[in-house]
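Accompanying notes for the structure given below.
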Amino acid sequence: MIRVGIVGFGTIGKRIADAVAAQGDMHVSGVLKVTPDYEVLVAAAKGFKVYTLPDRVEKFKKAGIEPAGTIEDLIKASDVIIDASPEDVGAENKEKYYSKFDKPVIFQGGEEAEVAEVSFNALANYDEARGRRYVRVVSCNTTGITRVLTSLMLNGVGIKKARIFIARRGADPKEYKKGPINDVVPNPATVPSHHGPDVKTVLKNVDIVTMAVAVPVTIMHMHMAFLELDGAYPRDAVLEALAKTPRIFLADVGAGFQSLAQIIEYARDLGRPRGDFPEVAIFRDSVTVNGNELYLMYGVHQESIVVPENVDAVRAVLGAMPKWESIKKTDTTLKLFTEGKRYG
């Protein structure tokens, strides 16, 4: 049983904790919180031991919460650490704590690529993470782009260049201090946005440029993609490649999927925890082939898309399971769509 310690229990961390707990070969050794708030109560109710930073122990005790120990205790009690801290905090934790221990650590996409030896996406480069000490699961948008490109390349559809235009959600649902509320903000105004270079940390040879704006929604990101392929492929061949790749979902307008909100409503109706949708949701009707040009639109659920990637990263760094076996196990335990998918 792999003991997984999770540093951070926010939007991503709490989802990773639940996902790890659902795996038959993993156990949540504990979670780390820096604030003694309601999320501590949630973690405790789920049976997770709660740790904190050394300088926060007394604050927890004053709030009537006895922590299981400090971050160093959590590291000692774990075979691998997943750091789901806010942006840049993971790098600080690496310097202060992780560097003292010979334990693998998995960071999130909010950290700079230099924090790790490998930037990770399960479909694209699972085996590159084997035996590594520091691995970084790329961000939600980068994960979405990488999955789409890899789904084509795994099925023999070559990509000469990719141009992706991103409408980013302004904030996560619980982030009441963020926006915009009534605006569209270049994010950034310069070209490329950071997503393209980030994709290249995984897919080294891809020719990609990205642009992004932030919009006043909280549900999902929307990507509009133009891909130049290495030849003229039938639309059916492209759709087949997408349909049989794990963690890709084809949404049909004729079935009622006319917006991203309906994708999330579908997840809720399915009874998925928190209404999460870890798959990339590609609008089938948008998939258009014109010679060697491919156009498509797809949604990325920023709160959950990286969760299965973190689970697979645990097995990858420890060499615990082959790539496709891990991906299939993760998808099955998290109840993602597996029918018609090819694992291998």
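Numbers here mean position along the shown chain, with the first residue as 1.
Cβ atoms here come from the backbone N, Cα and C positions, even for glycine.
Keep in mind that what you see is a predicted model, and the values were worked out from it rather than measured.
Going through Q262, Q302 against Swiss-Prot, the one listed in the NAD(+) site together with T11, I12, G110, R169 turns out to be Q302.
Geometry remark: G196 (D-glyceraldehyde 3-phosphate binding site) versus Q302 (NAD(+) binding site), CA distance 17 Å.
Surrounding the centroid of the Cβ atoms of S139, C140, N141, H195, G196, where the record places D-glyceraldehyde 3-phosphate, the chain contributes additional residues within 8 Å, namely G109, V138, T142, T143, G144, I145, I166, S193, H194, D198, V199, T210. For the NAD(+) site, whose binding residues are given in the record as T11, I12, G110, R169, Q302, the maximum C-alpha distance rounds to 16 Å. The Cβ of T11 (NAD(+) binding site) has D172, K174, E303 as same-chain neighbours under 8 Å, each 6 or more residues away in sequence. According to DSSP, I12 (NAD(+) binding site) sits within a helical segment.
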